[in-house]
């Protein structure tokens, strides 16, 4: 095995010593003393891991193997180019590199621009087919298990996805659906592969002239029939058998009487009936669905399954030996019975012929029994034959389903064929396989040699013949006359031919005569052939039998007589085909009948052909295949199996080398290495090795510079050659140049390090010196501060001593003074207190005397009172005892009530209630007492009065004495009651006090309990508050998450809805296309002049012209197809189209009727106008004067036109018509004067019309007077009476007219001033831009500076030329329009003149005409509406939508003018309450916009213009809808303009949908414009010159792909963005919508850039990351300049920014891994790992990323839940919204320019 090593010392005594990096063992390598050749040299590290093996400097076996291993193991890259070959290593793992996003990324790309991939090969084949008009082939080869079938499948899937189908039949789906069918019947599990193809196939995918898939055709080779009856250990039969057994429980399969796979002999021999991870039942469903899709009906499918089940049951048929030469089948043998029932044959016949055979001689026929062994062999041969015929029948039906219904223009063939095979025992099938590989290898070698020769010839390199291996002798040994196949066929014809005799013939014919043929030493039944890959020993045993492939004819006849229809059909097909499918006994079936159309068979040819041997058939089919491949451009895919154990990403070097030799990859390397394998363009060489040149070596001519440098660097001129565009190097020269470059860079690095280290040391010294000085300064300062501190302390101590001594003396003095004052105070206090005591005694004695005397009086009083009170108490005690009894009874009941009701709250309530009741009773008693007192007082007063009265009247009323006594008794009684009441009151008060006391105790207890409850409540509230806060936080988090989720769902729903709208618009366009095609098919135009519609504009736009051209070009194509064989027409589609045609005819008829009706109305209106009275003479006079003036002006214009023509005819040089020439100036002057005069005439005509109308309204006579005499009288009166007044009025009107003219001139002057200011501003911007360009140019080298200035000047002149051409076109149109208007005016004036001459009498003509008076136009109060006639609707749509050019409208008029005009028309229809008119106008508007976008949908300005106007129309419908939500920002005048009669909410939704469709179309246009610029500008172009170096490239950077159309730079992208932004702003697009468009643009830029970065290994380097970050910063700067940073555009670039940062950060330690994981949150795990795997150092100073570091990253990111998708969806369109944006423009102020051609509508 090869091992890497480094040289330690030079060779001495032919010894070469080297060291191994991994184990550091010194070993010696002996050189050959004769050649003294070194072992294969290693490539520089910078070249290791290259995409293309031919880019390696040293091309040899170990270098190729090491490069493949590094890419496969370290970078996890399975594809590598080797010149024209794609090497694909099977990873034995599912990789996310085959999605539709990857397909879109490779679509349209050049082959060398992207990383190697099967899609790149498929794209190259597709592109070359379209460009070169030549059929292509993709040849996929390799060992079993290497991944051939998967590679072929992905190639077909690429074609199906990229091209699509030409019809609605979904042919691409059928092509892909053929894979599951062919895999189920042709693939099986082997020891090497779980899904091994046991046959070869060549699929031709057909394309039409537009390169869309229209069909396919399949050829198969060498089906392995022997697998049906025998499988080795750990292998399986074909998948279809196990799928049937797994689905045996289905109801429809009950009749097949199947069971477990272990029950059948044909499925259990391998002992491995189940494949891990494969569900056979599910695969059966897929197979049946594929059959249905390909048109195989359910009945045919059940027939296929019956035959397959019959084969399984046939394998279980057993034989019993009767003797050594005969055998029998047990009676009523169940497996045979089931077989016969399924096949529909007789049991006895089949049982008989399975045990017997028929022998035919010249005279008689014998039936002979056969032995058990022969019977088993015959049974197996029958099973193989049935399966082979069924396989052929299915392939036939698949081809019929895939057959193209139209003529095939070209095809791409995909060949999935077995690679070179060599086993311990090799037989006939290995011989055929290796024979096929010899043919393919020969074709491959010739193609490689041819490409090399073409490359050398194209570059004009001296051609030296390269010696390469030609395997024609080996092919001759096999297929030539008297070759191995001829001898085999000859031996098969011999009656007693055998394998031994055939072997002897081979030895006699070829041994010692052919160097490629050998005989083994120890065997006489084998031979050896030296193939291109290796020697192979073949065992002769079985060759003859396998070549004959015989089946007993009697068994076939029994099957042909079957009642089951499908079975005889299999064998009928066998008799008809040219090359029958009876294949090898191992048995692979050659199917070549579909390759070419056979000639007409002669009688008896079929029977002869039927007797051809398998070898002969295989040779013929192989010749046909080679003819097909030679007629196409081949593309090679070599599949490599990395190990035999199916371990993922495990590389076995020995097995890989064997396969690389076998598939011809190393031969390609050898051919390349023999010449000049390394090839550089001059620019690439200059960029890479500029460091080796001095400034004086750099010339303006890059080619000469490279030549001069190379002559100095490489002295041997044979080591390189100079071509036209490239430099060619011998092997090893690039490594030598890389070494020189690395040495130069290393020396530069050392010098830089030396300088930097010196600078650092100097800086360190300066810093140390500065630090020392600083330390000294601080030390000295510290010492000074210490001395100052000592002085301050000394002074402070003295001061402290002074104050201390003073304090002691003062303290002593204060103490003595305080003692003295205290003594004085005590003495004085004692004397004062004595005095006070004496005064107090006197005062108190007086008080005592006073109180004693009072007490004696009170005692006497109290004694008297006490006696009275005692009497009262005795009475009250008696009453209280009674009351006490009652209260005790009540107390007991209350106690009982308290015991019964324990509840604390109820007690409180009851007690509270009782207190309230007692209070109430107490209050009532108090009231009663007060009442009694009041009554008592009143009564006593009354009684007193009565007594007085009685006393006074005692003498008068002596009889009243008794009454007085009674009254006294009553008073006594009342007094008693009063006393009783007072006692009761007292007891009640006592009881109340007691009860109050008890209640207060209860209340206190309750308060205590209440406080406890409050504390508990507060605790609970606190807990509840905490829980509530926690719940609120969680709910807020959930709410935020749910809000985010709802926003995402809303965006998804909006996106889904907008995608549905997009799909709807696509289907609508498809429907329109079908309708147009149907119209073309129904109404085929006859040859001759094509009549144009009268309404069609004479000066049609360029878009209409181009569309007519394309239709005219498509017409012959459509006319050619019926001339071929007619395709079967889809009747349902035909009926639908026929129905649509009838509907269109009815619609046409109704429109014709409407047109006739309108014409009749117009005629009637004209007749009414003719019946009107003639105009008055004064007005006619005035108009005649105007006509004369117009005629004079017309003559003047004609004269000026004649002068112009003369000036042009005199000098017909090209300079005359150029801008700035005299004739050109004359033309401009004439045009301006004509336009000004025409505007004046228009105003005058309008004034005339208004005057006529006003006079007609003013004069309303009672009777219509038409007599001329009355008119004359009126005129005479006007002359006589009002002459002065008339003159004054005329003068006043003239002044007004002059004033209005002055105002208009003032306005025009102001407008002109504004335009001049705008021009000044634009000139300033242009000046700044020129200065920037000049600054940029000054930074460039002289050659580039000249080139850039020339390019800039050419661009400027081109733009000026285009602008002038556009102005000229506008002026031409204006001239034509003016001419038409002049003709119309002249015609009208002529008609008026004739009418005037008829209506005016001679007397009137003689009279003096009335002096013309200038009549000013009165300003009208407009309502913001536009009126138009119903029949002018189509003209309105045509002029305002269909023929409107956005550029002129956007520059000259207010933004959104068409939308305002349309809305004002809708307002007028709403004002008239005409729903039909509203509906018709809105429908026509929407359809018109759709037509414009369909015709000019690829023009950004058009799409942007109509997106802006559609949104403005939508906003107008909302703003004036009358809904409160939309009226907030309106002015009162705008609110008056709201719609009054109709609610147009549904049409708002339709317009919103239309706006979404236009937005999506705008995004597609943006994408198509930006797509070619992004990769070149963001990745490939070096914005920062000299940062990234160019690496060596291999053969894949070839010129066969599309040539470059010019490189784009970042400035190109920014210029394009500026263009988009300025156009959108000019069109008045809503700012929010502009932000969304910019966000979408930046997403496209970021996604496309990142996707290309992920698919290009050469772009993943540190320097490229720096370039990307710089480019992104420039884009961010553009956003800032445009004030768009809040648009969300920057966030869309975040994945790209993080990828660039990932390329630049350190990638070594765990800290680096942690930083990467936290930094790259916008990238998925797959993208991060992919970037790290692709990271490639451009210079040797950069380090590769270790595999262990990548695994660390994967471990850290394993918990991250993100999409497994590798690429971003570049086609993703963010859902768009249209925020309401009301307009402040007043509708009544809008003027309609005449340039729009809308003169038929009027303002209202």
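Cβ from N, Cα, C; glycine included.
Because TrEMBL annotations are produced automatically, they should be read as predictions rather than curated entries.
What you are looking at is a predicted structure, and each value in this text was computed from that prediction instead of being measured.
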Stretch carrying region 'Disordered' according to TrEMBL (options 1055-1082, 1083-1110, 1111-1138, 1195-1222): 1083-1110
Of 470-505, 506-541, 542-577, 578-613, the range TrEMBL labels region 'Disordered': 578-613
Annotated stretch (region 'Disordered', per TrEMBL) among the listed ranges 1148-1178, 1241-1271, 1272-1302, 1303-1333: 1148-1178
Where TrEMBL places region 'Actin-binding' among the ranges 415-437, 438-460, 622-644, 645-667: 622-644
For the domain 'Myosin motor' (48-742), the mean pLDDT of the predicted model: 83
Least buried by Cβ count (within 10 Å) of the binding-site residues 142, 145, 147: 145
In the chain carrying residue 143 (ATP binding site), residues 6 or more apart in sequence that have Cβ under 8 angstroms from it: 192, 418, 419, 420, 421, 639, 641, 659, 662
Cβ neighbours of residue 146 (ATP binding site) where a neighbour is any other Cβ within 10 Å: 26
Cβ neighbour count within 10 Å of residue 148 (ATP binding site): 27
Lowest local Cβ density (other Cβ within 10 Å) among binding-site residues: 144, 149: 144
Beyond the site residues 142, 143, 144, 145, 146, 147, 148, 149: chain residues whose C-beta lies within 8 Å of the centroid, for ATP: 90, 193, 196, 197, 419, 639, 641
